[in-house]
Amino acid sequence: MTAEDSTAAMSSDSAAGSSAKVPEGVAGAPNEAALLALMERTGYSMVQENGQRKYGGPPPGWEGPHPQRGCEVFVGKIPRDVYEDELVPVFEAVGRIYELRLMMDFDGKNRGYAFVMYCHKHEAKRAVRELNNYEIRPGRLLGVCCSVDNCRLFIGGI
């Protein structure tokens, strides 16, 4: 084993040790540093499960029940290379975010839509009013509308 080999092995060991602190779904993301900085700034957690990356839920210091029905908005037409580090500052400008769920593909890109749950109903209404057709990138407008709870499952053609 050469000196270069041992240096490479030590750096890969230290990288593996430092990635143990990085949540699954964030580790290896193209914008990993920006996501870690966002989590450190806000105190929210982030976890990836079932094809979605959840940011928050509940926010730090939250006491009380889950936000009521009508506190969630649907966000569509998200460019596939936009992630929480760009979305959260836009959406937290209109109210306190309880949880943001960004739908993800297995290749690490977003699927073009997300759900943002606010702590209060009036914040969700304000988000729809102020952020629908918001220009996230030049020429790229977000679509923001009230989220509909789909609590029923229809099975047909049996």
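Residue 1 is the first one shown; counting continues down the chain.
Here the Cβ of each residue, glycine as well, is placed from N, Cα and C on the backbone.
The compositional bias 'Low complexity' feature in TrEMBL is assigned to 1-20. Residues annotated as region 'Disordered' in TrEMBL: 1-25. According to TrEMBL, the domain 'RRM' annotation covers 71-144.
Here the domain 'RRM' (71-144) is broken down by DSSP into helix, strand and coil counts: 20 helix, 29 strand, 25 coil.
Per-residue pLDDT, averaged over the domain 'RRM' (71-144), rounds to 96.
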